[in-house]
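Record features, source TrEMBL:
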- 58-224: domain 'Glycosyltransferase RgtA/B/C/D-like' (DOMAIN)
- 59-76: transmembrane segment (TRANSMEM)
- 83-104: transmembrane segment (TRANSMEM)
- 110-129: transmembrane segment (TRANSMEM)
- 136-156: transmembrane segment (TRANSMEM)
- 162-193: transmembrane segment (TRANSMEM)
- 205-224: transmembrane segment (TRANSMEM)
- 255-276: transmembrane segment (TRANSMEM)
- 288-305: transmembrane segment (TRANSMEM)
- 311-330: transmembrane segment (TRANSMEM)
- 342-361: transmembrane segment (TRANSMEM)
Amino acid sequence: MQTPSYRPLQTKKIHLAALLFLLITTLLRLPLLKAIDLVPDEAYYWDWSRHLALGYYDQGPFIAYLIRLTTAIFGTNEFGVRIGVCLLTAGTLLCVYQLALLFFSPQVGFLTLVLLALSPLVAVGSQIATYDPPLVFFWTLTLLQIAKALFVYSPYSAQQRRAWLIAGIFCGFGLLSKHTLLLLPGSLLLYLLLTPPQRFWLRRWEPYAALGIMLVMYSGVLWWNAQHHWWTFLHLFFLVHHHGGNPLHRFGDFLASQALFIGPVIFLGSFGASLSALCTKAPLPHRFLAFMGLPSLLLFCLLAFKTKVQANWVPFAYPSLCLLWVGRYLSVEKQRKPFTNIFWFSLAAISTAFLTLLLFFPRLRLAVGIHIPPKSDITNTAFGWRTLAKKVQQIRSEMEMQGHKVFISGNGYQYIALMAFYLPDHPPTYDLFLHYRLDMYAAYVQQLKRHIGENSIFINAGKANDADLHKVFARVQWLPPVHLYRRPLYRHPIATIYLAKCYGYRLYTGLRWARGG
């Protein structure tokens with residue numbers, strides 16, 4: 001690897017600038033962690049953390065362990081739930097900078113760090129506690145170790161062997177975060193097969209040892225699934241099952257979501273740079289970075305023709321692809337065009353930062369004339385839940401004054417998880433699975449047996465089938481719907497929630513009425 005030479009003082013200044021930028025942006029994000037309500041998925045994963053297990057219905061257990069740790073330190077609040085992913089996102093950016101130092105230069109690392117930090121991808125990843133930030137962190141950390149094994153350490157050295165084994169550990173943590181991590185070994189295999197100078201690694205034991213470590217770390221999830229009807233894998237098959245609609249529309253929606261997620265200039269630049277690296281005689285590190293992102297991105301592009309692909313299914317591709325774009329663009333040949341460099345990187349930074357500002361400061365959308373219908377504004381999922389919890393707690397107190405215990409139930413995990421978090425005593429809540437899809441609450445459904453004879457507050461996005469509820473309860477009384485507002489941004493409700501007072505729980509149905517996964 002040949003990288004541009006920098007004077008020690010200049011290098012030190014860039015290192016310091018990168019660290020200061022990372023520190024300042026992370027500190028600026030900390031107050032935002034408690035500024036908005038949890039989104040339903042965050043509350044769901046927090047509820048996982050109250051029931052620690054080797055596996056969970058939807059994905060691996062790492063996010064539950066992380067939230068359990070951070071809430072034990074910082075308390076059961078929004079900050080405690082989110083601080084872990086905020087720190088892991090900062091760690092991801094630091095890993096990208098380290099990769100840039102291996103393959104390119106401090107300048108490339110700093111520019112990549114700035115572009116990624118300004119993107120909606122990183123802004124959301126550092127603010128919302130899902131399993132994607134841990135996945136991206138361990139994916140990037142694994143790439144860093146593999147890169148050292150392939151390109152830095154001496155062949156057959158102890159350092160090289162150690163790097164492979166450490167990569168296996170990080171890969172294991174990534175797989176415990178989200179199953180999409182399996183694309184990393186697959187991408188590495190493609191790289192080794194299609195890169196003749198690196199093909200000898202297929203005859204070496206170290207990559208297979210790393211794979212073995214990953215599988216051993218994942219074995220607990222397999223054991224848990226064997227005890228729970230292989231729910232996780234059935235759920236994954238359900239997600240990629242064919243959906244209706246126009247395949248071309250789904251494909252276009254996916255591409256548009258990626259351009260908005262990472263920024264249009266970065267998306268197009270990363271895609272073009274990776275294609276260029278694979279179609280030309282690019283240096284081996286460039287091919288490595290391209291293989292660690294582009295195959296996964298293309299796979300989800302193809303999958304979009306079959307099913308709905310969410311915007312957050314492929315965030316792990318962009319650290320390596322964005323780094324590749326910046327590194328190739330700032331190659332020796334491009335140094336002759338400083339004005340062009342300034343223009344394109346300014347355009348990338350400004351457009352990406354603008355998208356992030358629109359996401360987090362919705363009044364800016366109004367100022368520039370962008371009007372998004374309430375149901376299409378994904379940020380609305382983080383508003384109104386404290387208000388709903390106050391209403392539910394008021395009804396709950398009134399019902400308990402009649403001398404009967406009251407439990408919280410619903411259809412689907414979203415509202416019952418939010419109520420478990422926002423009700424003052426954080427009670428256990430239950431999914432009744434009234435002809436609705438399975439979720440992690442299926443693992444605790446038998447606990448409903450202890451509530452036979454009690455009353456319940458049923459929460460749903462719409463009125464559930466009264467016939468179902470009347471079979472389960474002796475009497476059902478629907479209340480006026482609760483309208484949630486986000487003023488002054490929207491004059492009309494952003495959500496309408498239906499509540500029912502249910503008396504005399506009498507029929508435990510378990511999972512007999514559950515549908516799909």
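The backbone N, Cα and C atoms fix where each Cβ goes, and this holds for glycine too.
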Leading contact stretch, 110-129, 205-224, 288-305, 311-330 vs the transmembrane segment (136-156) - CB distance under 8 Å: 311-330
Positions on the same chain near the transmembrane segment (342-361), where near means CB under 8 A and six or more residues out: 32, 111, 114-115, 118-120, 123-124, 260, 262-266, 269, 326, 329, 368, 370, 379
Predicted model, mean pLDDT over the domain 'Glycosyltransferase RgtA/B/C/D-like' (58-224): 97
Cβ pairs under 8 Å between the transmembrane segment (288-305) and the transmembrane segment (205-224), at least three: no
Interface present between the transmembrane segment (59-76) and the transmembrane segment (162-193) (three or more C-beta pairs under 8 A): yes
Which of 59-76, 110-129, 205-224, 311-330 contacts the transmembrane segment (255-276) most, counting Cβ pairs under 8 Å: 311-330
For the transmembrane segment (311-330): best-contacting stretch of 59-76, 110-129, 205-224, by Cβ pairs under 8 Å: 110-129
